Amino acid sequence: MKDSNRCCCGQFTNQHIPPLPSATPSKNEEESKQVETQPEKWSVAKHTQSYPTDSYGVLEFQGGGYSNKAMYIRVSYDTKPDSLLHLMVKDWQLELPKLLISVHGGLQNFEMQPKLKQVFGKGLIKAAMTTGAWIFTGGVSTGVISHVGDALKDHSSKSRGRVCAIGIAPWGIVENKEDLVGKDVTRVYQTMSNPLSKLSVLNNSHTHFILADNGTLGKYGAEVKLRRLLEKHISLQKINTRLGQGVPLVGLVVEGGPNVVSIVLEYLQEEPPIPVVICDGSGRASDILSFAHKYCEEGGIINESLREQLLVTIQKTFNYNKAQSHQLFAIIMECMKKKELVTVFRMGSEGQQDIEMAILTALLKGTNVSAPDQLSLALAWNRVDIARSQIFVFGPHWPPLGSLAPPTDSKATEKEKKPPMATTKGGRGKGKGKKKGKVKEEVEEETDPRKIELLNWVNALEQAMLDALVLDRVDFVKLLIENGVNMQHFLTIPRLEELYNTRLGPPNTLHLLVRDVKKSNLPPDYHISLIDIGLVLEYLMGGAYRCNYTRKNFRTLYNNLFGPKRPKALKLLGMEDDEPPAKGKKKKKKKKEEEIDIDVDDPAVSRFQYPFHELMVWAVLMKRQKMAVFLWQRGEESMAKALVACKLYKAMAHESSESDLVDDISQDLDNNSKDFGQLALELLDQSYKHDEQIAMKLLTYELKNWSNSTCLKLAVAAKHRDFIAHTCSQMLLTDMWMGRLRMRKNPGLKVIMGILLPPTILFLEFRTYDDFSYQTSKENEDGKEKEEENTDANADAGSRKGDEENEHKKQRSIPIGTKICEFYNAPIVKFWFYTISYLGYLLLFNYVILVRMDGWPSLQEWIVISYIVSLALEKIREILMSEPGKLSQKIKVWLQEYWNITDLVAISTFMIGAILRLQNQPYMGYGRVIYCVDIIFWYIRVLDIFGVNKYLGPYVMMIGKMMIDMLYFVVIMLVVLMSFGVARQAILHPEEKPSWKLARNIFYMPYWMIYGEVFADQIDLYAMEINPPCGENLYDEEGKRLPPCIPGAWLTPALMACYLLVANILLVNLLIAVFNNTFFEVKSISNQVWKFQRYQLIMTFHDRPVLPPPMIILSHIYIIIMRLSGRCRKKREGDQEERDRGLKLFLSDEELKRLHEFEEQCVQEHFREKEDEQQSSSDERIRVTSERVENMSMRLEEINERETFMKTSLQTVDLRLAQLEELSNRMVNALENLAGIDRSDLIQARSRASSECEATYLLRQSSINSADGYSLYRYHFNGEELLFEDTSLSTSPGTGVRKKTCSFRIKEEKDVKTHLVPECQNSLHLSLGTSTSATPDGSHLAVDDLKNAEESKLGPDIGISKEDDERQTDSKKEETISPSLNKTDVIHGQDKSDVQNTQLTVETTNIEGTISYPLEETKITRYFPDETINACKTMKSRSFVYSRGRKLVGGVNQDVEYSSITDQQLTTEWQCQVQKITRSHSTDIPYIVSEAAVQAEHKEQFADMQDEHHVAEAIPRIPRLSLTITDRNGMENLLSVKPDQTLGFPSLRSKSLHGHPRNVKSIQGKLDRSGHASSVSSLVIVSGMTAEEKKVKKEKASTETEC
């Protein structure tokens, strides 16, 4: 009955909020008045009112394993979706998703298979994490949402990042919702639900909740419309500004009811349609949809047999009648019309290992978009596996025609993204018009559709490449390169600038570097140009590095392409439009040729020769390490690229450490630098293993793209000691160090002998041109000349080893003049020549300052002065001939060397001293003192010479590092020294006057105390005897007044003790420890240090003139003459200048190509080896093994499950077979003792039962979702308990004749089995109403099945028990009918007295039976008698009314007495007496009925007759069912039972028996099969059984028949 105080909204009327006058519109007022005046149907729109939300903030979930927080808001059900999205993005700080997964399923709790749940959870989380998706759910902890919550909980406990899971739930069904009321509050929310409440708690694994309120309480539906609109609105948003794709939406269905099928249909009918993924095996709706998807053909057509099976499944699953099931079936078929949009995930099926692949594949296949759009989606999700398997299915080949048609918006996007190109074309045309005055012919427009489509595909691939680079998707860049993107065609100047100006991807410090280089504050939207990048590269590379972006030809091109104010721009850059030829003489010929070749209108002009070079530098400057490493592997000059990246990263790390940036940035950059340095070293090692000579060429060939440098120079610039210390580099340096000399032992001694005794030069060994591991430009020329002059000798000069004849041949082939020239040009000879000269200079300098100095310099002093002046000229030459272009940069680079600074100080000091020395006294004395100080610097300079020695070189570096350490120590020492010095001076000398001596006195004594001089006599002034005594008013022995004592003088010794403890013990030992650390640090890398210093030394002497100072002035004069006279020759040579005469090799294009190929092969082989090494590493093996073990364990679990199921099944079969044998034996024995049954009938019945059992088995096997089709049955058979399984009968709910049925009590066991135990004892009832009057040839038996909807799937139970403690426990379900026999029940022609006189007493054992039927096997089917399913059906001992001559007999006896009223009313057992009879006698059946039963029978008789009449009209006349046995007396028997017992038979059987008339014999056989015992005995119901009756065995009539 409806509660009058409760409103339709679900709340009590007194809980309603009165409407606010101000907030209520006039329309609502009128409506509210109308509601008051006249009643109308309640609706949300009319009877609810919106208010500003009063519930939003943060939830803190309690009651779980750990505390979670979630944002929440309560909104109206009709809130606009754009407002909600604005809230989510702005207030909740959520990033727009790249994918939206909407999960739908059952709201009621259900169990998922553990393995399926694990796969579902992992796949869902992986899909969300890898793509940056949002997950929409119902938000409450029931049904599918709880399974999603479990997956989220597992994920959040294992990783930091939480998946964005948004629960959209109705406000009215949320438990404890009153706790959430409050604006911008933090509320504690209890997740423990109240078992008595119909409301649900929110799931604590979600991150956000949107609670839709439509004014109702305890009702779902408020969120449905809001959720759909919000999903649609989000799907219209763009993934990001670069990708034109909207946010893709996919529906995920797990389990669910009929409403889920409707949701699927809505998704599929949306415009555009939304793909749906169905999780097969989760139950109910998802299983039905997946079944239909599997067997349905295109267009929603399904086979007729499968159609019937599907309808049966729908009826059984959802408890639907035929009309409802047909309606739902129609919806499913409508869904199947768009079968291509539905993806079914089946666990363990081929090709679908994970549900996340099913979700992402469904989006690509389901949405009918072009290949470029699919590529954009895969790129947005960062799922290269999806792109490779779904989009690039044709590999590098072109896709088929028609699959590429890009939508119009993508073309528009393409145009928008290339604004510079339009400018470029205009600029190019203008530039060319000025220069050449020609107009380029228009290219004909392409009309071939295939070519247009392929061009669009190429454009789409290039756009995807740009997006992949911007978004830092390394795998996608690799995939696109593998699938046909031409990087040389792709990379243009505008695109490269766009990459440098992107704000996406990892954070970088490029803007800070540009600001430092430009030395000005840049606006936030400053557009970085490539010229800016060139300046940054030069700044970071340092030294003489010159970037291509800052060279004149590139700047001219750049301004022609993009500069609207071209002449002004060129002028600002220090350039002019047309340079005169005279100025061009100073330019390199190569540069001039490049400028002549520039065709501004050529599309290839804005592209790059080596695109991977430019992209790798971009990746390094943008701090994209993975991308940089990938781009390094591609393209040419890998070794040079690695060294450039190493240097750039190191310089960026240095800049970061000096600025206010976080230390982590500097550390990361330093690590990246080490990574690239290691790559360069490994590549050098790989090359050296393959071919030593080519590896040396790699080190020395000119890198035209890297400032015409070499790999060795780049390694030195990057201070890559390991690279320089590599065997290959050292072999090269050794060859260079020795020049043309061939000396294996004691080279220094031989060279000194050659210098001091020039004739010995002729006895030294020399190498020919072909023995060199390197070729400089000058030696290249000399070698060519020698090839012309000495072809015979060069033919032999292939190796260093040979016999003596070849050696003599080689030596004779080198002229004496060449030997002398090569000897003095060798760096080792120059080194010793300079060293001897320097030592001579030092000796003379010592002599000059040690002897008396005259007014005019002596000869020795003039030699010293000339040496230093010539040395100063040499330093000037070094500066002028260094690589940098500008003089300021030359000086800056020169000063970066510490020894150059020492030379500068020493020369400058000496010059000042020399000028003062030439003056008169006292200035001459000052000059001499400056000489004396200056010689210190010249002695220090000797340390540089030690660098050539393997052992002394590292010590020089240690000294330099220790000096830096000591500077820090001096600062600390100064603090301690000052603290003691000032205190001591102030205490001991209180009356000092101001003077500079005070400053000296502060430091004087404390400083020397550090070294152990403690001035013992002055520690305590008055303790020593030497000091005079002091005191106030005291006199000495001579009577003189003693001086007063200094106050506080006693403090001095105490302060001194503390000072010495800190200074001498602590600080000095600290300094020693620091020095020790530095020593071991350098000692560990001493070999690399020495080799690195050796490079510097060799390069220094390689470039120096032959003669040492002061004779070097001759070399300078020679150089000037050669430069003035040799310009024409240099033009013929090419672009070689003096500064290029270093360790550099110039190769032809063909040689360069071969060298690049060799280098690329080495890179590939190196990475192949690393990959093999990684795969064979223990970590990788452990990982692979663990994966395999995990897979094996999962399979073993499956096998164990199957094995357990098979064992259970086999045990069941064994039990049933054993019972079958026993029951068969009992039946045979009983039937043999029962009169009236022919043996032939028995055999026929048994054979019939076995044949039909097979058909039933097949039907049961075809049942859908019959994973566990067994139920447990209990029989108490003479005190024995037998357990076996039965799948006998399936009943259909509500289709039989309505009769009073048995009532049951359901016992829920922990296992899947269901036991049904009868609550009350049942009465066998013969339904013989007036409407079904007996006919001469038949009888009618109508029985019904269960009535309750919950028990609609259950077959009836018939219990026959002796136990007295069984009682009726459920009075509501107990319905009994007292059987009665009317006059109409008696067959025509038979006397009523015959019935009463026929008595039969039957003795039987007590049988208690509990029958249950599998829930999953219920089918709605019409069974006919000849097709009756009899799969091991178990019925209790039945006795039916028997008649002779097809006449029904029955007897009623009202004279039975009960021992008590309780026995009369609550007797719960059948108690029968059996009297043995013979065929020759006939007895009457006394019908015993209690008064209560009679009254109950009279009350319900009329209704039953009406029901029977209603059924009889629809059923044709058939022979009345009876089991007949003829006896001699012609008497008939009737089974009569207690009236308070009702026997229910399945309505199926009632229908089948009514449907087709059969002869009596066949029906009897079927009933015998079904466990109905035929008896010719009179049954009399008595109130108890005696012990004697229990002993009766062979007279028993109870039989139970099984197949």
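Cβ atoms here come from the backbone N, Cα and C positions, even for glycine.
Membrane topology of D854 relative to D1103, as recorded in Swiss-Prot: same side. In Swiss-Prot, the region 'Disordered' annotation falls on 16-47 of the listed ranges 16-47, 1392-1423. Swiss-Prot gives the label N-linked glycosylation site to one of N900, N1076, namely N1076. Within the listed segments 602-622, 854-874, 1106-1126, Swiss-Prot records transmembrane segment for the stretch 1106-1126. Check Swiss-Prot against the ranges 179-237, 1182-1240, 1477-1535 and you find coiled coil recorded for 1182-1240. DSSP states for the topological domain 'Extracellular' (852-897), grouped as helix (H, G, I), strand (E, B) and coil, give 30 helix, 0 strand, 16 coil. Proximity of distant same-chain residues to the topological domain 'Extracellular' (1076-1105), defined by a Cβ-Cβ separation under 8 Å and at least 6 residues beyond the stretch ends, is recorded for 712, 716, 719, 721-722, 724-725, 729-730, 733, 736-737, 827-828, 830-831, 834, 874, 878, 881, 947-948, 950, 953-954, 956-958, 961-962, 965, 1112, 1115-1116, 1118-1119, 1141-1143. Other C-beta atoms found within 10 angstroms of the C-beta of N1076 (N-linked glycosylation site) number 10, with every protein chain shown included.
Per-residue confidence over the topological domain 'Extracellular' (852-897) averages out at a pLDDT of 89. Long-range contacts of the transmembrane segment (831-851) within its own chain (CB-CB distance under 8 A, at least 6 residues past either end) are made by residues 748, 751-752, 755, 824, 858, 860-861, 863-864, 867, 928, 931-932, 935, 938-939, 941-942, 945, 948, 1097, 1101, 1104, 1106-1109. Away from its own ends, the transmembrane segment (962-982) comes close to residues 1001-1003, 1005-1007, 1010, 1055-1056, 1058-1059, 1062-1063, 1067, 1070-1071, 1074-1075, 1078-1079 of its chain (Cβ-Cβ under 8 Å, at least six residues beyond either end). Long-range contacts of the topological domain 'Cytoplasmic' (919-928) within the same chain, counting only residues at least 6 positions beyond its ends with a Cβ under 8 Å from a Cβ of the stretch, are 849, 853, 855, 913.
Nonlocal intrachain contacts for the topological domain 'Extracellular' (950-961), taken as residues 6+ away from its ends with a CB within less than 8 angstroms of a stretch CB, comprise 898, 943-944, 1078-1079, 1081-1083, 1086, 1089-1090, 1093-1094. Each residue of the topological domain 'Extracellular' (1076-1105) gets a DSSP state, and the totals for helix, strand and coil are 27 helix, 0 strand, 3 coil.
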